[in-house]
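Database features, via Swiss-Prot:
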- 458-468: compositional bias 'Basic and acidic residues' (COMPBIAS)
- 637-651: compositional bias 'Polar residues' (COMPBIAS)
- 718-727: compositional bias 'Low complexity' (COMPBIAS)
- 768-778: compositional bias 'Acidic residues' (COMPBIAS)
- 787-796: compositional bias 'Polar residues' (COMPBIAS)
- 799-809: compositional bias 'Pro residues' (COMPBIAS)
- 820-830: compositional bias 'Low complexity' (COMPBIAS)
- 831-847: compositional bias 'Basic residues' (COMPBIAS)
- 848-858: compositional bias 'Low complexity' (COMPBIAS)
- 861-870: compositional bias 'Basic residues' (COMPBIAS)
- 882-913: compositional bias 'Basic residues' (COMPBIAS)
- 934-944: compositional bias 'Basic and acidic residues' (COMPBIAS)
- Ser438: phosphoserine (MOD_RES)
- Ser447: phosphoserine (MOD_RES)
- Ser448: phosphoserine (MOD_RES)
- Ser450: phosphoserine (MOD_RES)
- Ser649: phosphoserine (MOD_RES)
- Ser912: phosphoserine (MOD_RES)
- Ser914: phosphoserine (MOD_RES)
- Ser916: phosphoserine (MOD_RES)
- 290-322: region 'Disordered' (REGION)
- 360-430: region 'Disordered' (REGION)
- 445-470: region 'Disordered' (REGION)
- 593-613: region 'Disordered' (REGION)
- 634-662: region 'Disordered' (REGION)
- 716-963: region 'Disordered' (REGION)
- 234-276: repeat 'SURP motif 1' (REPEAT)
- 483-523: repeat 'SURP motif 2' (REPEAT)
Amino acid sequence: MLPYNVRNAGGGSVGGILRRTGQGSGTGSTILGNGNSPGALGAGKVSSSLENHRQPPLELLVFGYACKIFRDDEKAREMDHGKQLIPWMGDVNLKIDRYDVRGALCELAPHEAPPGGYGNRLEYLSAEEQRAEQLCEEERYLFLYNNEEELRLRQEEDLKRLQQETSGGCFSQVGFQYDGQSAASTSIGGSSTATSQLSPNSEESELPFVLPYTLMMAPPLDMQLPETMKQHAIIEKTARFIATQGAQMEILIKAKQANNTQFDFLTQGGHLQPYYRHLLAAIKAAKFPPAPQTPLDQQNTDKEAPSADDHSEEVAGGRRNPNQVVITVPTIKYKPSANCAYTQLISKIKGVPLQAVLQEDESSNPGNSQHSGGTASPALSCRSEGHNSQGGEFTPVLLQYNGSTFTHEEESSNREQQDDNDVNGGEPPQVELLKNTSALALAQNYSSESEEEEDQVQPEKEEEKKPEPVLTFPVPKDSLRHIIDKTATYVIKNGRQFEETLRTKSVDRFSFLLPANEYYPYYLYKVTGDVDAASKEEKTRKAAAVAAALMSKKGLSFGGAAAAVSGSNLDKAPVSFSIRARDDQCPLQHTLPQEASDEETSSNAAGVEHVRPGMPDSVQRAIKQVETQLLARTAGQKGNITASPSCSSPQKEQRQAEERVKDKLAQIAREKLNGMISREKQLQLERKRKALAFLNQIKGEGAIVGSAVPVVGPNPPESAAGAATADSGDESGDSVRSIPITYFGPDDDDEVGEQRPEMRLIGSTQKDEEDDDEEDGGDLEKYNLLNDDSTNTFTSKPVLPPTAAPPPAAVLLSDDDDVQLVATTSTRSSSSRHLKTHRRSRSRSKNVRSSDSSPSSRESSRRRRQKSSRLSREPSSNPPRKSQHSSTQRKKTPKKRRRSKSRSRSKSIRRSRSISILRNNRRSRSRSPSCRNAEQRRQQDRRRTPTKKSHKRHKRRRRSSSP
């Protein structure tokens with residue numbers, strides 16, 4: 001047994017072969033089941049052939065098991081003799097295999113036919129019923145004998161051929177009549193007359209071939225020509241298509257029409273291949289233009305009418321030949337409502353409200369007989385008989401086509417009668433203007449259900465055509481005229497600036513845009529619609545040139561003159577953009593030449609008067625001088641202009657425009673100068689604020705400024721200049737330079753009753769000065785930056801030389817070996833050192849005030865004052881300055897003096913260490929982290945051991961302090 005899933009997938013198995021059933025399996029099983037009936041075998045063959053034809057082949061699945069086969073000759077011999085068969089139903093003559101399905105049947109008597117055979121099994125029915133049953137049997141088993149799909153396709157093809165034959169020879173699927181079935185039935189009845197009248201192509205296809213008169217290349221004599229005009233038409237159309245589309249399309253058509261005998265001329269062996277090649281070459285050489293298509297009515301009239309004049313008279317009179325083919329075209333009346341999408345679209349396009357559009361439609365189309373906007377429809381169409389007043393329904397109205405125009409079916413007969421009466425009466429026939437139909441006309445011919453149709457038809461109004469103007473300039477050829485017309489259309493839409501763009505883009509192609517071109521007048525005529533536009537523009541151009549020449553003689557610019565000459569064309573002035581700086585507050589110049597109002601002039605004058613008080617005297621004098629020169633020049637021009645009365649008004653406008661421009665330029669110059677001055681003043685004020693803040697900080701710390709010490713020696717030129725600048729700075733108050741400090745506060749360690757003057761001589765070597773300068777050199781950078789006036793470009797007052805010579809210098813000597821020089825005035829660097837030293841002395845004095853009673857504190861204060869005075873000197877490169885200093889010295893005992901010296905030595909050692917640490921820190925900022933670590937280790941080692949320089953300084957002080 002097979003597995004269950006395999007049996008289900010296969011749909012059953014026979015001998016290990018599984019069969020997948022298809023759609024027709026049911027029918028096949030029915031046939032095989034009824035195999036006992038006569039003719040069942042043949043029916044089975046027919047059904048199998050139909051199944052193979054209709055359905056795809058069945059999918060077969062072969063499935064089996066592997067088994068071993070053993071050779072057993074004895075068993076095979078028994079099988080051949082049929083020893084394995086058993087009798088069926090006890091009949092020894094009929095033996096079956098044990099696997100035979102007939103073994104399941106026990107009794108055959110109910111299933112056997114009677115001894116005489118079956119008679120008519122429908123004998124119990126009446127004759128009509130038996131006839132109906134036979135028809136049902138035929139329909140029931142029709143699929144066994146006939147293919148329904150092929151039969152249905154054959155019927156559809158026959159129906160299409162019948163429709164083509166009855167529709168007048170055209171290939172339209174829908175006829176021009178709503179009652180197409182009745183027309184088809186009538187045409188079937190009289191097919192001979194219908195085909196003769198409605199199928200002219202059939203007659204044309206049978207016409208013999210005549211060489212077309214438009215073919216200017218005659219074919220050779222030995223070339224085989226087509227037999228009929230139909231073959232020629234196919235060849236001609238194919239040749240024209242291939243000539244326009246290319247040779248690739250010929251290959252495609254040849255592949256698609258390989259089985260069509262009408263396209264045998266495309267193959268190499270076709271007998272019409274040379275004629276096709278000849279037509280193709282003539283079309284490519286432009287020697288075979290297409291023939292104009294003549295309407296059918298003209299052909300019929302040419303055949304029947306003896307002369308062309310009679311035919312023209314018939315067409316002009318509107319008469320129709322009774323034998324002429326009439327084609328009826330249905331039209332349905334429609335009138336748009338207010339909420340119609342078409343009406344809303346028209347209102348948006350025209351830019352008018354909906355009510356105006358509806359009124360315009362009603363006024364232009366009162367009887368639905370004529371349409372506005374140039375759209376055409378049949379002239380007398382859609383009378384009220386096509387409209388049903390009960391439910392708003394409408395019926396089609398037929399129009400007759402006589403070859404060139406559409407007319408109403410009933411009115412055509414009436415018009416024929418009227419034409420006959422007119423001819424007999426003597427009135428000349430009037431030509432009726434008819435328009436072509438379009439989709440818009442059909443849309444306007446529909447009538448809405450909400451409104452009733454008007455029955456009265458007003459006669460159409462003849463439009464009066466304006467006479468065409470006479471062109472005095474040359475008209476270009478058709479190709480160039482088309483380009484000029486298109487360019488003029490774009491220029492009208494986009495403006496004359498588009499003309500400038502085209503002129504700069506391509507001069508050769510658009511040469512007609514140049515005024516010197518011969519077709520420029522035609523171009524202007526297309527743009528403006530005026531024939532004399534070119535002459536008018538030429539006159540304007542000449543007037544502008546004359547004005548420019550006059551202005552150049554007077555020494556004026558032509559910008560204002562051109563604007564004055566073209567006063568009527570102010571809209572053509574060029575657009576100018578003024579690019580100015582952010583700080584400049586000057587107004588933009590006017591693009592169009594116009595007079596400035598009184599408010600603007602008053603505001604400008606007020607602004608000028610407001611700006612002037614803050615300006616320096618020299619700048620004000622320069623501005624006044626420029627203004628006087630401008631006024632003198634304009635006055636001279638005014639005299640010259642008044643002397644010439646011929647061109648007074650344009651030159652007056654030019655003069656006024658130039659005056660306004662000059663005033664604005666002067667105002668711009670004043671504002672720029674004022675802006676520069678204001679920026680300098682801002683920088684000055686900022687420096688003042690910084691200096692005042694620094695002074696307030698010094699005053700807040702409790703510094704008391706004393707009177708200056710009188711100078712005892714001659715000042716060098718630098719000191720004298722510094723003093724002069726300080727005095728001038730105090731007088732002007734515009735800027736603060738530097739503040740020299742020569743006094744460091746009162747002596748807190750003075751003892752009452754022990755004051756006595758003491759003269760000392762203090763001497764120092766050059767090494768001490770360098771050390772002191774190096775100590776305080778880096779700490780004074782910030783203050784020097786604050787008091788640096790190198791960026792100040794304005795000096796309020798010049799430096800005055802000293803009036804009186806200073807007294808001779810005096811040197812104060814004391815019991816010490818050092819020499820001390822004190823200067824009343826110094827440069828900016830010395831003053832900064834004074835300030836720094838003053839801060840250090842104040843900090844030290846606060847620490848020492850706690851021990852005022854000890855004599856060592858008094859000695860240390862004296863040492864600090866000496867050190868601060870030494871720091872106030874200039875660097876070693878500058879020459880030394882001498883000054884006079886008077887102070888009170890106190891006598892001390894030798895024991896107290898030694899203590900104070902030892903303390904001062906220890907303090908100086910600590911101070912030198914701290915200064916060296918700070919200096920190394922500054923140097924290590926610009927180094928790498930590894931270098932910084934190495935520098936820190938060196939500084940720690942230096943803190944432990946004093947430097948060699950400090951040892952030398954201690955030795956010198958020890959020797960000087962020893963008695």
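Along the chain as shown, the residues are counted starting at 1.
Every residue, even glycine, has its Cβ placed from backbone N, Cα and C.
Source: prediction; values computed, not measured.
Overlay of Swiss-Prot feature records on the structure.
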{"residue": "Ser912", "record": "phosphoserine", "CB count, 10 Å": "19"}
{"residue": "Ser914", "record": "phosphoserine", "CB count, 10 Å": "12"}
{"residue": "Ser916", "record": "phosphoserine", "CB count, 10 Å": "19"}
**Asked** Hey, which bits of the same chain come close to the repeat 'SURP motif 1' (234-276), Cβ under 8 Å, at least six residues off its ends?
**Response** 212, 219, 223-226, 283-284, 290
**Asked** Under DSSP, the repeat 'SURP motif 2' (483-523) has how many residues in helix, strand and coil?
**Response** 29 helix, 0 strand, 12 coil
**Local backbone state of Ser914 (phosphoserine), from DSSP in three classes** = helix
**Prompt:** Within the repeat 'SURP motif 1' (234-276), how many residues are helix, strand or coil going by DSSP?
**Reply:** 32 helix, 0 strand, 11 coil
**Request:** Express the predicted model's confidence over the repeat 'SURP motif 1' (234-276) as a mean pLDDT, rounded to an integer.
**Result:** 88
